[in-house]
Amino acid sequence: MKQLYGVIGNPIGHSLSPVMHNDAFEHLNMDAHYHAFLVKEEVLGEAVRGLKALGISGFNVTTPHKVAIMDYLDEIDPLAKQIGAVNTVVHKNGKLTGYNTDGIGFVRALQSISSEPLQEKRILLLGAGGASRAIYFSLADAGVKEIDVANRTVDKAKELIAACTATVHSVALSLEKATKEQGSYDIIIQTTTIGMHPRVEHTPLQISSLKKGTIVSDIIYNPFETKILCEAKEQGAIIQNGIDMFVYQGALAFEMWTGCVPNIERMKQLVIRKLGG
């Protein structure tokens, strides 16, 4: 019998997840299908109960349901609970269990371009919203010991740092201070929407004085190279856009559902083609 998977969100028509997962199922000769479900906020509970009753094997959760979904699950993974958001649900033995693969997916993506373990790196996170929280907690869970957080509102950065129970040396900074101290970091991670299409001329931090070998990663993938990535590339940095995070978080969800590891490079090239790259 064909296994059913999917993604719920609103809006959902733009999602690249169906094409990515369905190609992986086909490539691995699996009898499964991944479908995008438009689910409005006021019917989230009914939708989740319906998916469970239909016997869906697993599903992803995107905007605006990543927090609200937690009220309708049987179990929540400890890291997802700490992050306060779920983006992947596994249906097994009659139970719906929630996970967050955004942060772990990002960590795997980052490690894929780093020649050294991330645990030895000094990291600067730009932004203190939901994406930053998922990445901060996942880096801490992976054993990274030095993570500073820069945000327009410094108090929000302080709140993020205070919420983490892992042993991490962290300082909350203004964006101005982070700009001055950028040369002291091994990795800079941009987690805000600043620089996203159509406001491509904006950047949260002017890149001017990076040290050699710095990695600059931006979770945005429209455009492929944001202003911060263009400036970092000019400085000789190793750069990474948000496609890697998207692919790795999806691959991790696929692995959780099926027990099979999909071809990451195949997924990545497919997404790039679909985005017009």
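Placement of Cβ uses the backbone N, Cα and C atoms for every residue, glycine included.
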Additional site residue, I113, I219, I228, I264 [criterion: listed by Swiss-Prot with G127, A128, G129, G130, A131, N151, R152, T153, V154, D155, K156, G242 for NADP(+)]: I219
Largest CA-to-CA spread of NADP(+) binders G127, A128, G129, G130, A131, N151, R152, T153, V154, D155, K156, I219, G242, angstrom: 26
Max pairwise CA distance, angstrom, over record-listed shikimate binders S15, L16, S17, T62, N87, D102, Y221: 19
For the binding-site residues L16, A131, V154, the one whose C-beta sees the most other C-beta atoms within 10 angstroms: A131
Of L16, S17, N87, D102, Y221, i.e. the binding-site residues, those within 10 Å of A131 (NADP(+) binding site) when Cα atoms are compared: D102
Other C-beta atoms that fall within 10 angstroms of the C-beta of G129 (NADP(+) binding site): 13
Those residues of the chain, 6+ apart, with a Cβ under 8 Å from that of K156 (NADP(+) binding site): A128
